[in-house]
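Features as listed in TrEMBL:
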BINDING   14, 15, 16, 17, 18, 19, 61, 62, 63, 64, 134  FMN binding site
BINDING   380, 410, 411, 412, 413, 444, 445, 446, 447, 632  FAD binding site
BINDING   486, 552, 553, 558, 559, 560, 561, 562, 594  NADP(+) binding site
DOMAIN    8-152  domain 'Flavodoxin-like'
DOMAIN    226-473  domain 'FAD-binding FR-type'
């Protein structure tokens, strides 16, 4: 097979949509420089055709404990085949950009191993791999911008035909910008026979969600469009003291549709409801008719087709319903796409006020990048706020569908055992809120929505279940659990599960290290832990377990979970020698690395080995499936 003409192929693997955003941005920046580029997901690309590509840019995220995104699993499996020759990719040029979180032990692990494998198979690296970090003030873009600059320079050196006018030449004529990628078909209400007209209740809602999300540009491959089930809240209980600066809730949810089997350590994904007033304000600001019946489909794709779940793309949906279920109009910051070159086509072209046009063009320029960061990312302005700041801009709905961030499901660690609570799912939810530099009060969309639900109202919550990073342990395995703050959520389920296992025989003990700021303010599940630490319960010292809590602010010197672990060094090492598995859950900032460091010290001290040997022993535990981390930023 002949080589294809020189152009960029950009392959992405995403779990939440960020790698897709980054891949699309690389493609747009290449096209602005006159370079042809195509963007595709790894699960839509035939891996066997990789040797026939000239230049490939990989944009991949890392999930969990160094796991590949679901959309990359088959692609990666193909690359690992033993019968692939070492020179299989000889002549192919490539670059890798990874998206990760340095709070995790296996930071950007997928990008690193992909880079090594592609190089091993004979491909030539264009530039050193780029590693985006969620912990950076600008997120992954803090690394993406300089990495792209190097990429364009090196591509031009390899083959000047990539950039006929040089890598620094950028197309400014907005007439060269593409048309929107999505087409909206409007239908007359009286001529439409809605498929869902015969469906009632939850079946109708489920069909609407599936139909809307199957049309959405923001689909994420690991999650189905149709919810696994619907849940109804039966308890909404504050866990933290009112007025302490934190609002943590214990939520109990009951199945109202099909009951889904789940295990301890699993994750529940929830589709949040949006503020009706914000949705109405968005529709009014954009001059959209909420009652319009629409069909959304990519340009060039046959409008009548069914997706893998059987959702018929030819069945229309109300415009307002589509917005409510798929477009995050009042919580997420607009994609930078709003302010890049195509913004000059999308926003500036539709701005009738000259001063607004000039301001938008300034934001899109290199000189305006810092001010754009202050205006958009740092203040976390929402789509609705940005549109209200530029009132003369009237964007067609086709562009809004493409540019408004997708309404994503939010993931929560399940904090219950199905053995202890049949037909229920429990969550431990921190209600997110913060103040921006300009004193704007911001709140998390999903946590605020859940905390505001009244069990008496019977609101049905669309939900999906999936496996998390914490596999359920056998009853015979001792456990060392480290879960400060809401990181204790999955371990509540672990303790409940072990307590039920005790009924049919003595299960192995658990050591739990919990941490919070103050005993009086945010000692989550205090009575629960203390109950199971007594009377030979799973957490009792009599059983070889124990419950140890660090109150970081109740004394002049701050005390954290790693300090309590060091205090119990001998007991922790004893359980490890008995075959214990170690589970760590909580914030991804410093906690996981601090806990890892404490464990290295414990092994070094108790086993009488060097720190380097202790590090190797911990790696062995991880390789043997005895060390698990679930962290979030």
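Even glycines carry a Cβ here, placed using N, Cα and C.
Note that the structure is a prediction, hence the values are computed from the model and not measured.
Within 10 Å of the Cβ of residue 559 (NADP(+) binding site) there are 16 other Cβ atoms, across all protein chains. If you compare every pair of Cα atoms in 380, 410, 411, 412, 413, 444, 445, 446, 447, 632, the residues listed for FAD, the longest distance is 26 angstrom.
Across the domain 'Flavodoxin-like' (8-152), DSSP assigns 58 helix, 34 strand, 53 coil. Ranking the binding-site residues 14, 16, 134, 594 by the distance of their Cα atoms from the Cα of residue 447 (FAD binding site) places 16 first. Ranking the binding-site residues 411, 445 by the number of CB atoms within 10 A of their own CB puts 445 at the top. Nearest in space to residue 561 (NADP(+) binding site), taking C-alpha to C-alpha distance over the binding-site residues 18, 134, 380, is 134. A Cα-Cα distance of 15 Å separates residue 134 (FMN binding site) from residue 380 (FAD binding site). Calculated from their C-alpha atoms, the gap between residue 16 (FMN binding site) and residue 553 (NADP(+) binding site) amounts to 35 Å. Here the Cβ of residue 18 (FMN binding site) has 17 other Cβ atoms within 10 Å, regardless of which shown protein chain they belong to.
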